[in-house]
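TrEMBL annotations:
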{"type": "BINDING", "residues": "G163, E164, S165, G166, A167, G168, K169, T170", "note": "ATP binding site"}
{"type": "COILED", "residues": "915-1105", "note": "coiled coil"}
{"type": "COILED", "residues": "1155-1231", "note": "coiled coil"}
{"type": "COILED", "residues": "1323-1364", "note": "coiled coil"}
{"type": "COILED", "residues": "1410-1437", "note": "coiled coil"}
{"type": "COMPBIAS", "residues": "1116-1130", "note": "compositional bias 'Polar residues'"}
{"type": "COMPBIAS", "residues": "1136-1147", "note": "compositional bias 'Basic and acidic residues'"}
{"type": "DOMAIN", "residues": "8-60", "note": "domain 'Myosin N-terminal SH3-like'"}
{"type": "DOMAIN", "residues": "69-763", "note": "domain 'Myosin motor'"}
{"type": "DOMAIN", "residues": "1532-1808", "note": "domain 'Dilute'"}
{"type": "REGION", "residues": "643-665", "note": "region 'Actin-binding'"}
{"type": "REGION", "residues": "1110-1147", "note": "region 'Disordered'"}
Amino acid sequence: VRSCEMKIQFARVWIPDPEEVWKSAELLKDYKPGDKVLLLRLEEGKDLEYHLDPKTKELPHLRNPDILVGENDLTALSYLHEPAVLHNLRVRFIDSKLIYTYCGIVLVAINPYEQLPIYGEDIINAYSGQNMGDMDPHIFAVAEEAYKQMARDERNQSIIVSGESGAGKTVSAKYAMRYFATVSGSASEANVEEKVLASNPIMESIGNAKTTRNDNSSRFGKYIEIGFDKRYRIIGANMRTYLLEKSRVVFQAEEERNYHIFYQLCASAKSPEFQMLQLGNANYFNYTKQGGSPVIEGVDDAKEMAHTRQACTLLGISESYQMGIFRILAGILHLGNVGFTSRDSDSCTIPPKHEALTIFCELMGVDYEEMCHWLCHRKLATATETYIKPISKLQATNARDALAKHIYAKLFNWIVDHVNRVLHSAVKQHSFIGVLDIYGFETFEINSFEQFCINYANEKLQQQFNMHVFKLEQEEYMKEQIPWTLIDFYDNQPCINLIESKLGILDLLDEECKMPKGTDDTWAQKLYNTHLNKCALFEKPRLSNKAFIIQHFADKVEYQCEGFLEKNKDTVFEEQIKVLKSSKFKMIPELFQDDEKAISPTSATSSGRILLTRVPTKPTKGRPGQAAKEHRKTVGHQFRNSLHLLMETLNATTPHYVRCIKPNDFKFPFTFDEKRAVQQLRACGVLETIRISAAGFPSRWTYQEFFSRYRVLMKQKDVLNDRMQTCKNVLEKLILDKDKYQFGKTKIFFRAGQVAYLEKLRTDKLRAACIWIQKTIRGWLLRKKYLRMRKAAITVQRYVRGYQARCYATFLRRTKAATIIQKYWHMYVACRMYKIRRAATIVLQSYLRGYLARNRYRKILREHKVVIIQKWVRGWLAQKQYKRSMHAIIYLQCCFRRMMAKRELKKLKIEARSVERYKKLHIGMENKIMQLQRKVDEQNKEYKCLMEKLANLEGVYNTETEKLRSDLDRLQLSEEEAKVATKRVLSLQEEIAKLRKDLEQTHSEKKSIEESADRYRQETEQLVSNLKEENTLLKQEKETLNHLIVEQAKEMTETMEKKLTEETKQLELDLNDERLRYQNLLNEFSRLEERYDDLREEMTLMVNVPKLEHKRTDSTHSSNESEYTFSSEFAETEDTPSRTEEPSEKKVPLDMSLFLKLQKRVTELEQEKQLLQDELDCKEEQVLRSKAKEEERPQIRGAELEYESLKRQELESENKKLKNELNELRKALSEKGTPEVTAPGAPAYQVLMDQLTSVSEELDVRKEEVLILRSQLVSQKEAIQPKTVKNTMTDSIILLEDVQKMKDKGEIAQAYIGLKETNRLLESQLQSQKRSHDNEAEALRGEIQSLKEENNRQQQLLAQNLQLPPEARIEASLQHEITRLTNENLYFEELYADDPKKYQSYRISLYKRMIDLMEQLEKQDKTVRKLKKQLKVFAKKIGELEVGQVENISPGQIIDEPIRPVNIPRKEKDFQGMLEYKKEDEQKLVKNLILGNTPRGVAVNLIPGLPAYILFMCVRHADYLNDDQKVRSLLTSTINSIKKVLKKRGDDFETVSFWLSNTCRFLHCLKQYSGEEGFMKYNTSRQNEHCLTNFDLAEYRQVLSDLAIQIYQQLVRVLENILQPMIVSGMLEHETIQGMSGVKPTGLRKRTSSIADEGAYTLDSIIQQLSSFHSVMCQHGMDPELIKQVIKQMFYIVGAVTLNNLLLRKDVCSWSKGMQIRYNVSQLEEWLRDKNLMNSGAKETLEPLIQAAQLLQVKKKTDEDAEAICSMCSALTTLQIVKVLFLYTPVHEFEERVSASFIRTIQMRLRDRKDSPQLLMDAKHTFPVTFPFNPSSLALETIQIPASLGLGFISRV
């Protein structure tokens, strides 16, 4: 290596580090030979001095260029050494999240301790069929390589998975098996995989345990052989186990556990079924408490026990056997608690009625005394006698433990045997792929016998691995024909010899075991004496005499000798085994059967290999001493034999290696511990692979790749046409040491470091070129700038000097002139100065005087104006003061008067209120006062009267004194009465005084009331003001609430509109999903039907059943198909004689598997039915919740219900057909089968009949459930849509079903009345139609009669014209036409005499007609002239032929006969667009039109869709004849024939496209001429006359639609198969823009560059293929909308496959590749524009690919870049974006990798995005297809049938 040349300043190197193992540093000073110290600077910026080793003087390892870091293959690195490997793995694991890396032929898998989305079925499909170097490293790539080599080389394969405990070995093996199960395509592969995976829980429970490094460590190895048949489909599997760690049963180290099953039993001890086992806590038993850690954190042993029992059930272990297993395991636990008591040093006893032993004997079903005796004694046999000898307590304990281990090992083997029996297949195995799950190299603080055996096995495997790597290297060199030089690699044969050779460690161990008093110490001494100082690989520890050290290939390991002999002996006394064999428990003797009987039939392969764990105990027959000899075989001897068998198996296969690495001991996700990783890399052989590769030529380039990469290092004269010679010439100049490279046939081989040296030269050359370019450009720029500045300076100087010269000359002239002018100037100046001063003085005076005058005038004027202003201001002020005073006085007066008025008013109000108050309060008193006043008035009147009387009396008294004296007494009495009245008046006055007092009191009360009223008023006013304020606030709140209500109403309206829009979109999506599901169901049904047809043919041949006359068809899926019998066979097949063949028993298992697949398909259909029923329930709830919305969209809902109804009918018909087929097969097997196969006792017959019965029962159940769903749909449709009465072929059936459903007599009566009314209505309509028909018929008869007369007249005229010469004939015809037009004109003039407007329109139409006739006449003249020219040519040729014929004719043969032209008039027939054929010609019609038709000829020569038109015209004629049988038979035969053609030529794109086009056209014809108004509006009146009159073929339209869907899906499959090989090569690999993509160094797992591959597909190939597809579809007349859907599907396939490969290939994730992809996509878009298909939606399907290409090109550094990426990549999922960023790989030096922090930023920004968890796009996804109605403008009566179709037996009608 050019290490010295590369050790220059700034070179990067690796130096050892105790923490990080290796650290990167940079040289600060050039290295010179002889330097002892290197000046380095670490990456963190620290400087240090690195001292070289004075002995070796080895320089530090050089670091690879950044462009090589992160390679898929470690062998692609230029510098191959430990730090480079470690750094590459770390970068891929931490930065790129890639857990797989190639290292030559080894796949290095690092456990991420996190679930990754890279194991789905889409990933499996992506890796299937790919070469191992084409995609990124993956376990699936290794599995695919093994599968491919098995099929290609006819050689068995092996996948060797190794690694430490917890590194992921079992998971890797499981994924490899899953890959085989998926890609093999077997009918039972899923069952095999499920069974193998179901064995994992029980195998883990009995074979896994907790260790210090792993909570679920596998303590045994297994080798699973997956068997394949000749078609390379999985047929079975076989598991072989070895090296079970039996010592763990009786001993566990600190912090470790026994096998999981024991703790699971203890955790489930309280379960009722486990009460008999008498178990308890795990700490109670000696075998489970030694480790002191009985519980694993986060693991529930009770739940794990349930999983174990479930796995046992899946594996077919019955409950009785399960309890037997648990009894044995519980017995082992109780056996461990058996204690011994020493009698003396040589004997011991067991206490009487020992509880643990009693329970053990009960569980095992053995005698207590016998077992107790043989646990404390042993039998010694000599040549003459047999002795029974007691044993010591220690020996008894060891014997007890050996017995427990032996029982457990036998139980383990029994379970393995049972798993093999379940996975066994009776079909002969053709080949197999073995998966070896083996633990890697182990080294602990204390290493014992188990670690010794494990490391011994790893030594053997490492030797095999080294030899295989060496062999591959040799084959590569020989293939390329380069000189072969021996590569020195580490050979561990000395270490293997140390272990297994004669007098090796195992040999000495076995010899010591044979010694009566051999111990571990004596064995150690023998080892020291034999190997110490004699073998360099064997050492002795300094501080121990009971240990030894072996230098393994990975590391030195110190083994403790203690326990080696005991573990190697594994002594089991035969007497104890005999006691167990005599057990009453049947399972115990079964465990201890002889080896030959114990071995499962599946445990031996064809070569006779047996299970590696079989330990022979006793043969069936043999010598008496043979049993003892077999028992004396040690564990080491058995393991050595097992290992030899394993190596033989591996050597007989092609191995593939998977090395699992445990990145850290704490199970942290994506955490890389460099120390642990290096330790495992050294142990698993990866570094040895690197060393072997580095010793040879690890870097390999093709000549074209080398030329493309290092073209910059070549001169133009070095470039030759021969690339090989060019590369040779250049390398001889660049690398002088010819040993550093070799030239092969196709590649150049470089030693390690040479690629880095070439990269350095290339970088230096590019840097030098860049510097030279910069120098030249900068010099050119500066030179250009200098010349420009110099030119500018010269120009400026010229102009400046000229200007200076002109200035000097001017100066001289001015000086001379100045001397002359000065004298005159001085005088002039003096005179002028005087005049100026005088004028200035005058001006100043004038201005000054004017200024003073103006100032004086302004002052006078200002004073005058001031006086005026003062006058007006003072007047204004006085007026203002006066007005203010007057206003104030008036205001005061008003206020005072108002105050007085208010007071007066207040008094008046008070008085008024007081009187009123008084009146109110004393209304009754007033009345009394009035009465009293009235009385007082009366009394006053009386008093006046009395006074008058008194006056009269006084007068009379004076006159008549005497008379008055007599009346004195009476007057005194009156006076007394007056006095009484006066008293009464006084009393009244007193009462008035009282009333006044009351009035005053009332006034006081009134005042108090007024005061309270004032207070009340004030409070009221305050309250009113408060209420007004509250009212104002309430109004504001009301306005706010109204505003909020309006806004909420708007929001609710918008929300409802959005919800309505979303619901509409969701309904559309649901409808598309339903359509897609339905189409997928149709696709699966067609596939199942084809498979079933093949099955019937095979069964017919197998069971010797003659062919049936009628076969099942799938012509229709309607509800009435079961009431008719359809025939799908042609006439020729009915006449075919029956053939008989001998049955083949080998095909019976295949048929059984196919029927199992049928049963599985029925189950899937049942699940599909259940999903449909759930969706139906959901839609019913939606109908109940939103009837209003449903009223707005009744058509959509009706369409969905019709769609679901048809789907149910499809399922129902499928069930019926499957049931009929199964019944036919059952009948064929039972009646026509041969006795050998169909005998009632035959296993094949029994299994097949069971499967048929179960399938039949499932079909019956599904039929009932589908009928229920259908009834629900019918009821729902009746509730939503009104019923329509139609004349269909199923009316009678539906009516009969409805009558049967009507159980109530009232309903029947109402139905009868309704039918009578309907009949009356129909009769009235029929009569009216009959009358109108009669009238129309009479009118038509009259027209026909007139037309006949006109026709006869025209024929007569034509006959007369034909007899005339041509000139006269033309004149006669013109004369006739003129006469006819004249008559017609006269007729219309008479007709329209009363209506001039109609006559005018008639004249206009007549003129138009004349113009058309004149144009036609001109065309006819041109045609006549052309025909005359052709006639002359033909006449000339005929004349030449006649001359030749006349010469050959004799004169006697010539007869002169008069020839008179005969006119034969031909009647023109009016065709109705129908074709008539006979019933017996139907099969011939179908055969010639469909089966025997080739689309290429038809598409080119005939009109598109001609077969569809012909078939429909035949259907029209059958409809015209009202022959329903003929219609049904023709449609059924047509559908079956199309299916047959597609089955026969289904891989031909033209055939599939042709029949898809014709099927759609046939479907459109059935719609166009159905008579429905929705379709008739697109027709012409003539086309509407051709509508069907008798039958409604709507159900057959659905059948044809289903057929079209199936054909479309088949077309998509054909397209996919054609495009699939082109996509990756054309879109990703081919350089459309030459020179854009760079070529990087590649390793052993490399893909061939497309640069040199001239036969690879290009983008032009894809575009040409797309154009070919498009032109074929257009030629076939396919509907434009359907073409758009096909193009959209094709573009989706292109985009999905390209993106999936991009996501799985690190080598194409670069900036330049993004440019290539975008250019390719632009070319595809240009193709869409050229074909006018931009609106097809095809461009949108490429959006994920476009965004991925943009993601490769955008800047990826800052947060703004992250935001732009998140907004840009809307069509990509989060996983895809992150995956592309992880895979982004720089190809050129100026590119940079994406930092981990930037990727975390992207993940944080996208964490809320809800998208699919799948990484890859579903490339198999098919968009749901629709067939929009596309009516044809072609008239049926104009269609001509070409003779090439061979349809002469049909006639036009």
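Using N, Cα and C of the backbone, Cβ positions are placed for all residues, glycine too.
In the predicted model, the domain 'Myosin motor' (69-763) shows an average pLDDT of 82. Of the listed binding-site residues G163, G166, G168, the Cβ environment within 10 Å is emptiest of other Cβ atoms at G166. In sequence order, N111, N214, Y439, G440, C660, K662 are the same-chain residues whose CB sits within 8 A of the CB centroid of G163, E164, S165, G166, A167, G168, K169, T170, the residues recorded for ATP being left out. If one looks beyond the region 'Actin-binding' (643-665) by at least 6 residues along the same chain, the residues whose Cβ comes under 8 Å of a Cβ in the stretch are 89, 93, 103, 105-113, 139, 142, 145-146, 149, 153, 155-169, 172, 176, 213, 223, 242, 434, 436, 440, 456-457, 460-461, 464-465, 468, 609-610, 612, 671-673, 676-677, 680-681, 684-686. Sequence-distant contacts of A167 (ATP binding site), defined by Cβ-Cβ distance under 8 angstroms and a gap of at least six in the same chain, are A109, N111, G440, C660, I661, K662, Q680. The number of other Cβ atoms within 10 Å of the Cβ belonging to E164 (ATP binding site), over all protein chains shown, comes to 24. A simple way to gauge crowding: the CB of S165 (ATP binding site) has 19 other CB atoms within 10 angstroms, across all the protein chains here. Counting only same-chain residues at least 6 apart in sequence, those with a Cβ under 8 Å from the Cβ of T170 (ATP binding site) are N200, S218, D437. Sorting the region 'Actin-binding' (643-665) by DSSP state (H, G, I as helix; E, B as strand; all else coil) yields 9 helix, 8 strand, 6 coil.
The DSSP breakdown of the domain 'Myosin N-terminal SH3-like' (8-60), given as helix, strand and coil counts, is 0 helix, 24 strand, 29 coil. The local packing around K169 (ATP binding site), expressed as other Cβ atoms within 10 Å of its Cβ over all shown chains, amounts to 25.
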